[in-house]
């Protein structure tokens with residue numbers, strides 16, 4: 001299956017699950033393919049046949065965009081170089097949760113979250129430590145007896161009760177011993193932070209020198225500018241109170257700029273974010289809801305309210 005067809009299938013599945021899905025980011029470079037929202041859950045999704053193609057640079061950008069846009073970065077893929085992705089298992093690449101289309105369907109359509117995650121050494125399950133401790137006490141089973149039945153140390157059982165994950169085999173054995181479900185789901189929509197290894201966060205990228213004047217204006221009127229390197233927009237800008245966020249683009253106005261502006265509108269609709277594209281000159285006010293502002297006019301803006309009003313007038317005009 002081509003990657004384009006795979007993206008189409010994932011888009012259709014998300015729409016069936018009640019998500020609003022953006023247009024595909026059909027430009028390069030791109031850190032994500034589509035954005036999607038259902039209620040308060042916002043996703044930035046990268047779709048790959050081979051997840052080994054997902055590099056650290058892209059992972060870093062997706063995590064940053066997730067932070068800026070209050071979204072969860074996810075990768076949906078089919079396989080690694082060596083094997084197919086197992087259903088019901090969450091993998092990780094560069095701090096981003098990864099899983100198969102089957103797992104995505106279980107999660108988003110059936111609302112059955114995955115229970116297993118991959119980590120160095122094998123497959124693991126999150127054990128509900130408090131529940132395990134309560135059941136063991138109710139059954140009047142000592143740490144030592146349970147440890148003997150599992151073939152582990154008393155210290156290891158104590159760690160399970162303190163929240164340490166267990167191998168799939170041990171988790172299954174625990175549930176068989178007590179005849180109770182003890183596994184906790186992997187909270188994928190929260191970034192699976194409870195099981196994800198910490199990753200180093202490189203310094204944020206510098207703005208493109210060509211965008212220096214745009215950054216200067218945004219900073220002057222009270223916005224913090226977060227440059228991007230692999231997105232259809234040049235930056236995510238937010239005011240000091242983090243109440244207003246704006247997807248920001250800049251270039252001469254040509255067919256590529258128009259395409260980027262359309263994608264920005266679509267992504268902004270999903271993330272509930274305004275979008276503005278600064279151009280050298282144009283006779284148009286907007287592209288599908290992305291405001292167009294000429295550079296000279298943009299440089300005359302004095303405060304954030306003026307910018308917000310101008311973006312709204314252009315976008316709605």
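Cβ coordinates are placed from backbone N, Cα and C, and glycine is handled just like the others.
Note that the structure is predicted; figures quoted are calculated from it, not measured.
As annotated in Swiss-Prot, DNA-binding region covers the listed stretch 143-162 rather than the other ranges in 143-162, 163-182, 183-202, 203-222. Here the DNA-binding region (143-162) returns a mean pLDDT of 94 for the predicted model.
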